[in-house]
C-alpha cells in the first residue's frame, strides 16, 4: 500500500494548496467585483490616512486616497493589458517549435506537443492569478498597517504563502495528472521502451512550461529590468519619486512602478517552478535505466518521490503559517528580521523531523542502474536511511548556503556599507570594481561547498543520491517564497507611498518591514540556482547510465572537449544577449518628457499612453527573448547532430558549470551593489548631492541586471529539455 499512500498524500496536498489560495482570495475580497474598485480602495485609504497625515504638494491632487488608488488601478490595467500579446506570443512560439524542432527531431511529435501545450497553459494560469494577487496586494498592505507592523507583515505573509501554495499545487497537480494520463495512453506494459516514451513526454510537459515561461517570465523580466535600469539612471533616491524632478516625467515614474510590480514576484516564483519540475523529470529519466524499478509495483510512487517529499514538507510548513509573527511587534527595527529568521529555523526543524520520522514508503529496496556506469543501490533495511541522509544533507547545506549569501550581501555587512565609500567624483567606477572583487571572492565559498556536497552524496548513492539531495536543498522553497514576497511587496508598497508623495505613520511601518526583509530576498534566488545545478548533475548521470559513454573517458574524445566548450559558451552568450536587450530597451526608454499642463492632474492617470507604452516595451523585450531562443535552439540542434551523444553530454556539463559560476557571482555582486545603494541613501543621506547620485544612480543602473542573475535558469532547463528530447536522434550519430 506504500505507493497508494504516497499518491493520496500528493493528491490531498495539491487540493489543499489550491483551496488555500482561493480561500485567501475570498478572505481578502479579491474576488469581489466592486462597482468601482478605485473608489473602494480610495474609501479604505481615506479612512486609514486622514487629512492630517497628508503631505501637501502643489503639483498633484489634494485628494490623496483617490490619487493613490488611481495609480494602483492604472498599474493593474497596464499589466493586465499585456494578456492578449502574451497569449499570442505563446501560441506563436509553440507553433514554431512544432514546425522547426518537434516534427524533425522528436520521435513522437504530436503527443509531445500535446504535453507541451498543457504545460504552457499551466504557466498562463499561474501568471494570471499571481498578477491579480500581486496588484491588489499593494494597497491592501498599506490598509492592514493601520494597526501595527505585525498586521501588515502578517497580511503579506498570507499573500506569499497563498501564492507559493498555488505554485506547487498547480504545477505538481498537472504533472501528476499528465504522468498518469501518459502512462494510461502510451505506457503499455511499462517496459523500458514504453517508459522511455512516457519520460520523454513528461519532458514535453516541462518544455511547454519553459516555452510559456519565456513569454510570461522572460519577456516581463527584460522589460522590468530595463525600465528599472533606465529609471534609476535619473532617480537619485526612492524618495525622489515624490519630488518634482525636472528630468523625470509622471509617465516615467508610472512606468517604473509598473515594471516593479510586474517583474519581481512572477519571475522568481516561476524559476522555482522550473527547478521543481526539472527535479521531477530528472527522477523519471534516471529510472529508465533500472529494470527492477520498472517491474516494481511501487514504480509510480518512486518516480513521484520528490513530489511526495515536498508535499509532506508543505503539510508541516502549515505550522509555520500559524507562527508567522512569533515575535511581537516592536519599536526597535528588528521585528520583521526576527520573524524571518525564526521562520527559517522552524521550517528547517520541521522538515528535519518530518523526513526522519516519516517512512520513505516510496523507495524500492534494491535496484541497479545499468549502463556503462552500472551502479547497484541498496535501500533495504537500515540502508534506506541513505536516501534520508542525502535529503538531509541537501537541507543542511542549503541553510549554510543561504546564510552565507545573506551575510555577504546584506547592508549589515561592513563591506556592503563601505562599498559606497569607494565612489568619488574622480573615480566613479571604483565601487563596480569593488563589487567585482567581492563577487569573485565571496562566490568561491558557496561554490566550494556545493562541490563538497556533490562529492559526499555521490560517494553515498551516486547520481541517484544527488536527486534526493536536490529534494532536500529545495525543500524550504515555500518559506523562502513567502520571505521573498514580503520583501518585494513591502518594497513596492513603500515606493507607492513615495510616488504618491504622502508621509505618514503607515509609510514608516512599511519602510521598516522593507528595510529588514530586503536582505533575505536572496534566499529564494540562491536556492533556485543551487537546485538547478544539483538536478543538472543528476540528469547528466542519467544520460551516462543510459548510453555507452563513460564519464572518465568522455573528455578523451574531441567531441567531449568541443561539447564542453559549446555548453559553456551557450550560457555566456545567452547572458550577453539578455544584457544587450536590457541596454537597448533602456536606451529608448524616455519617450515621454515632462509636461507642465498634464503633470500631476488626476485625469492624467486615465491617459492610455502608459498602457500603450508598456505594451510597446514588452514587445521590444520579447524580440531579445526570441534572439536567445533562436540562438540556443540552432546551436543545440546543429552541434548535437554533429557531436553525437558524447558531445551532447559534454554540452550539458559545460552549461551547468557555467550557470553555477555566473549565478553565484552575479547574485553576490549585484545584490551587494543594490544593498549598498539602499544603505547609503537611507542611512547616510547627509552626503552631498553628487555623491549620493553616483552611489544610487550610476552604481545601481549598472548593477540591475547583475542582481537578477537568474534569467539563465529557464535557458539552462531549456537546453537540457531540448537535448534529452532529441537524444535518440543525436545518439545515432555516435554509432
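Each residue, glycine too, has its Cβ placed from N, Cα and C.
Residues 129, 133, 158-159, 161-163, 165-166, 168-170, 172-173, 176, 300-301, 304-305, 307-308, 311-312, 314-315, 361-362 of the same chain, all 6+ positions outside the transmembrane segment (6-27), place their C-beta atoms under 8 angstroms from a C-beta of that stretch. Marked as transmembrane segment by TrEMBL: 6-27 (among others).
The feature transmembrane segment is assigned by TrEMBL to 87-106 (among others). Under 8 Å from some Cβ of the transmembrane segment (87-106) lie the Cβ atoms of residues 112-113, 116-117, 120, 124, 200, 207-208, 211-212, 214-216, 219, 622, 629, 633, 637, 722, 725-726, 729, all in the same chain and six or more residues away from its ends.
Positions annotated as transmembrane segment by TrEMBL: 112-131 (among others).
Per TrEMBL, the feature transmembrane segment maps to 152-178 (among others).
The transmembrane segment annotation in TrEMBL covers 266-288 (among others).
Annotation source TrEMBL lists transmembrane segment at 300-323 (among others). Sequence-distant neighbours of the transmembrane segment (300-323) (same chain, 6+ residues past either end, Cβ-Cβ under 8 Å): 2-3, 6-7, 9-10, 13-14, 16-17, 157-158, 161, 165, 168, 172, 175-176, 179-180, 183, 276, 279-280, 283-284, 287, 293, 342-343, 346-347, 350-351, 353-355, 358, 360-364, 391, 467, 470-472, 474-479.
For 344-364 (among others), the entry in TrEMBL reads transmembrane segment.
According to TrEMBL, the feature transmembrane segment maps to 384-408 (among others).
Tertiary proximity for the transmembrane segment (441-460) is limited to same-chain residues at least six positions away from its ends with a CB under 8 Å from its CB atoms, namely 386, 389-390, 393-394, 397, 400-401, 404-405, 408, 466, 468-469, 526, 530, 533-534, 537, 660-661, 664-665, 667-668. The transmembrane segment annotation in TrEMBL covers 441-460 (among others).
Long-range contacts of the transmembrane segment (522-541) within the same chain, counting only residues at least 6 positions beyond its ends with a Cβ under 8 Å from a Cβ of the stretch, are 268, 271-272, 274-275, 278-279, 281-282, 285-286, 344, 373, 394, 398, 401-402, 405-406, 409, 446, 450, 453-454, 462-464, 466-467, 469-470, 473-474, 476-477, 480-481, 483-484, 649, 652-653, 655-656, 659-660, 663-664, 667, 671, 709-710, 713, 716-717, 720, 724. Marked as transmembrane segment by TrEMBL: 522-541 (among others).
Look at TrEMBL and you will find 561-583 (among others) tagged as transmembrane segment.
Residues or ranges marked as transmembrane segment in TrEMBL: 623-643 (among others).
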For the transmembrane segment (152-178), sequence-distant contacts whose Cβ falls under 8 Å of one of its Cβ atoms, 6 or more beyond its ends: 7, 10-11, 13-18, 20-21, 24-25, 28, 115, 118-119, 122, 125-126, 129-130, 133-134, 137, 140-142, 144-145, 201-202, 205, 209, 265, 269, 272-273, 276-277, 280, 304, 307, 310-311, 314, 321, 324-325, 335-336, 339, 477-478, 481-486, 489-490, 509-510, 513
Top partner of the transmembrane segment (561-583) among 112-131, 266-288, 623-643 - counted as Cβ pairs under 8 Å: 623-643
